[in-house]
Amino acid sequence: MNPQSLLASASINIGLALVVLSLFSVFKKQPSNAPVYYARRLAKRHHIPFDPPLTLRRFLPSVSWIPRAFRVTEDEIVQSSGLDALIIIRLFKFGIKFFLPCTLIGLVILLPVNYNGQDGPPVDYLSMDSLAISNIRKGSDRLWVHFTCLWLMSFYGLYLLYKEYKEILGKRIHQLQIIRHRPDQFTVLVRGIPLCTGHKARGCSVDHFFSKHHPYSYHSYQMMFNGSYLEDLLDQAKSTARKIEDLRKRSSVEKHNREFLLLCTNGEDSAKITLLEEKLQELSHRIHQLQCEDMLQDKELPVAFVIFKSRWGAALAAQSQQHSHPLLWTTEVAPEPRDVSWKNLAIPNRVLPLYKIGVILAATLLTIFFAVPVTAVQGIARFEKLKKWFPPAMAVQLIPGLSSIVTGYLPSVILNGFIYVIPFAMLGMAKLAGYVSKSKEELKACDMVFYFLVGNVFFLSLVSGSLLDEIGESVTHPKNFPSHLARAVSAQGDFFITYILTDGLSGFSLEILQPGLLLWDLIKSLTYRRGKEKKPYLYSLPYFRVIPVVSLAMLIGMVYALVAPLLLPFLICYFCLGYVVYINQIADVYEVTYETCGKYWPYIHHYILVAIILMQVTMIGLFGLKSKPAASICTVPLLLFSLLFNGYCKLRFYPTFRNYSIQPL
């Protein structure tokens, strides 16, 4: 990619971001858009002040929401949205803290070193390679500058990781102290309950078992029942109740507006309301019949929530094996009620592994199929090769500036479009895996999305030009993997700059504008919801989408921090804009549907550590390609230290996130 293509991509993304953010600042001032931009505050019945109508301020773009975001404190976020929401903000802050000094090092030290890497100005000073490590001649002592910067960046990154882990751990313990009296802290979810042969029921089996083995801490139990047969009836009842409410509101409006119309339609509406009320009473009667004890006994599941007298009793029971048969009396800490995935409780323990194998196979197939669009995107980005493969593409050069847009902006837009769908597909797969809580589903989806993006977007983008050759070479000669990785990384720096620009400037801008919801709200207002009261568009904060995508950007930035330092300033803009956008979204838009007390941070810690290790492996390969074996050998201890640091963090911090302490908080 030439500088003209990069400039075209930057210009389009910056221009689009400015337009979209300006539209957002205007749309947010309109009361009609409050269900989109103030969904959370409306749901909590908070007062939202708006400028008086027909005033100029209401239609002028403003940036007042940006400084307001920087004034929000962490304590305010935890108090209003919980520790999980703060984890998202801390991820953006980590990126700013890490890449700000790295940018100074890259621009002040590495760029001049790279530019003069041939012991003089580069021959092709308009090429992007003149500012990258690829411009340094083989065997040059200037590579020791990169070696020193690698050690500095690595130690600084590990220091920040340790500090963040320690602080998040302290906040988690504090949150657990606050919620220690909550009912779910005294409750254990029990599955695989055998049938009591004497009473032909599982309830008495639960009572006998826990009264015998936990006599001092056991309190009571609540059996679960298969309620899928009630769902249709409940849906019908809700739909009927909504129709009755709408008819009553319509009659009330007509009475105030046109009394003659009331005489013509009142009788008709009253008849409809009477019929619907009779239908609603019949549905309610059927629902009550199905909920009686005799009917419920036939629908009893081998699942129960067992309540204990003390928190330590619940923690002890949840984290110990209750029976010699591992599939009987399995226990785990009960999720809070709003977090429970009720449908998955009906899945038997013995078939859960089959569900998880099916999810793995589905994710593998998706990964394989996704290779097609990624390879096509790289074909567009490599226009010179594309002309050889597809000669009609040369017609693009006939229009001035079009080739720069096609190679600079179009590939990253197409790739981001495909990536947007992936998190939702992975979440759907995680829901089919049988997890008992929504938080576990999103944690699993988060992990799946990250490794999918690393494998398909990062590695596949690097080797898509000669995919089979690279894979075959890596399998037959695994020792050459660092050098192959380094060669591919140094050749793709410009593409990832455009990816960060598109994902950051355009992606975050569209996230805060919510164009899909605006369009849907407009369609509803003009059609079947015309004249009716608007309800807020309340959705859960998409951890499974935000964390993996931002972690991928951090991985790309760390790998290219030494290879192509020109990428670093764009990353600062990326994390700053993301920070401001999600402060706004957390405060005004997204709903908190569950709270894990910071369980997302161990995943983020792992993703960042993977990025640091990939940075070191890449530099080992680059030093080898540049005929500097001493630098490669001296980087190996740094790699080993990073792995030891990971092991230490797993011992020091991770158990408190995975287990529940028996000691009183």
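Cβ atoms are placed via backbone N, Cα and C, with glycine included.
So that you can see what the record holds, here are the features copied from TrEMBL:
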type	residues	note
COILED	230-293	coiled coil
DOMAIN	6-164	domain 'CSC1/OSCA1-like N-terminal transmembrane'
DOMAIN	185-344	domain 'CSC1/OSCA1-like cytosolic'
DOMAIN	356-623	domain 'CSC1/OSCA1-like 7TM region'
TRANSMEM	6-27	transmembrane segment
TRANSMEM	98-115	transmembrane segment
TRANSMEM	143-162	transmembrane segment
TRANSMEM	357-381	transmembrane segment
TRANSMEM	401-427	transmembrane segment
TRANSMEM	448-468	transmembrane segment
TRANSMEM	496-520	transmembrane segment
TRANSMEM	541-560	transmembrane segment
TRANSMEM	566-583	transmembrane segment
TRANSMEM	604-624	transmembrane segment
TRANSMEM	630-649	transmembrane segment
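Taking the domain 'CSC1/OSCA1-like 7TM region' (356-623) as a whole, pLDDT averages 81 in the prediction.
Between the transmembrane segment (604-624) and the transmembrane segment (143-162), three or more CB pairs separated by 6 or more residues in sequence fall under 8 Å, so the two stretches touch.
Here the listed stretches are 143-162, 357-381, 496-520, 541-560, and the one with the most C-beta pairs under 8 angstroms to the transmembrane segment (630-649) is 143-162. Of the recorded ranges 357-381, 541-560, 566-583, the transmembrane segment (496-520) has the largest number of C-beta contacts under 8 angstroms with 566-583. Same-chain residues lying 6 or more positions outside the transmembrane segment (566-583) and placing a CB less than 8 Å from one of its CB atoms are 17, 65-66, 69-70, 72, 77, 88-89, 92-93, 95-96, 99-100, 102-103, 106-107, 111, 128, 131-132, 493, 496-497, 500-501, 503-505, 508-509, 511-512, 546, 550, 553, 556-557, 560.
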